[in-house]
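> Supplied in structure tokens, the structure appears directly below.
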Amino acid sequence: MDERPVLFFDSGIGGLTVLREVRSLIPEKQFIYVADDVGFPYGNWEENVLKNRILKIFTNLLTVYNPALCVIACNTVSTLMIADLRERFPHILFVGTVPAIKLAAEQTKSGFISVLATPGTVKRTYTHELINSFAGQCHVQLVGSEKLAGFAENYLRGQSVDLEELRNEILPCFVKKNGKHTDIIVLACTHYPFLLHFFREQALWHVQWIDPSKAIAKRTRSLLPQRIHHQTVKKYEDFALFTSQNITSSTKRLLKEFSLNITKGVDFKV
């Protein structure tokens, strides 16, 4: 069996929603979670500057850890440069996290779907290509929130969420027109599932919320060699790397719940 680790990458701790699902399918693998929290949030970065930063980080990561596969657990990075990563590192398997627009278009009954994302994901050409390819017959509302990813990070650090502000961020997702209304909202940021119970509480009406984490987990498992013997005991511990030194006690507790040992202040030579 290939004993190389599976690497997860995000700007913060939102990608833990994806790690949780992948780990449930292949618990025997070693997982390395990388959070470039110095760069958080990625949604407001200038594109070329962010691309250069990510490429430098991955040049370092892949040299040091030689993973079997990398999960880009960040919609902003995936929609911006998954093709660039595959081209630069052709020997590495990459699984991206992109808006589940195809699935939403297949499941909507009203034809009205919304994509709740970051500003970066909303403006990406990749996102609009997904809509044109799979949801051309649908009314697709793109909503780029500048605040929700930060709300999720703060919530996971034990801080309270301003529900009125959260409600204002999701209100544009709820569209009524010609007797029809939104029936599906795509969560297009890996941070957002951590806020899902708040979204449901503040929703204007009942909708289906699509979290792509399970689909990403299945895709990841399909790309890795299947174990011959049903090994479930890890040989190596999982761990997390953070680029900042500022890891709060609540974040440490969260990572402990995910059985991740922490190394902070990692310098990726960016």
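Quick reminder: no glycine exception, Cβ is built from N, Cα and C everywhere.
As annotated in Swiss-Prot:
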BINDING   Asp10, Ser11, Tyr42, Gly43, Asn75, Thr76, Thr190, His191  substrate binding site
ACT_SITE  Cys74  active site, proton donor/acceptor
ACT_SITE  Cys189  active site, proton donor/acceptor
> Could you tell me which of these binding-site residues, Asn75, Thr76, has the fewest other Cβ atoms within 10 Å of its Cβ?
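Thr76, out of the binding-site residues Asn75, Thr76, has the fewest neighbouring Cβ atoms within 10 Å.
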> State the Cα to Cα distance, in Å, between Cys74 (active site, proton donor/acceptor) and Tyr42 (substrate binding site), rounded to an integer.
9
> Considering all pairs of residues in Asp10, Ser11, Tyr42, Gly43, Asn75, Thr76, Thr190, His191, annotated in the record as contacting substrate, what is the maximal C-alpha distance expressed in whole angstrom?
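Site span for substrate, by Cα atoms: 13 Å.
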> Please list, in sequence order, every residue of the chain apart from Asp10, Ser11, Tyr42, Gly43, Asn75, Thr76, Thr190, His191 whose Cβ lies within 8 Å of the Cβ centroid of the substrate site.
Gly12, Gly14, Gly15, Phe40, Pro41, Cys74, Val77, Thr118, Gly120, Thr121, Ala149, Cys189
> Which one is it: of the binding-site residues Ser11, Tyr42, Gly43, Asn75, Thr76, whose Cα lies the shortest distance from the Cα of Cys189 (active site, proton donor/acceptor)?
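Result for Cys189 (active site, proton donor/acceptor): the nearest of the binding-site residues is Asn75.
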> Should Asn75 (substrate binding site) be counted as helix, strand, or coil on the basis of DSSP?
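In three-state terms, Asn75 (substrate binding site) counts as helix.
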> Could you check the binding-site residues Ser11, Thr190 and say which one's CB has the fewest neighbouring CB atoms inside 10 Å?
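Output over binding-site residues Ser11, Thr190: least Cβ neighbours within 10 Å is Ser11.
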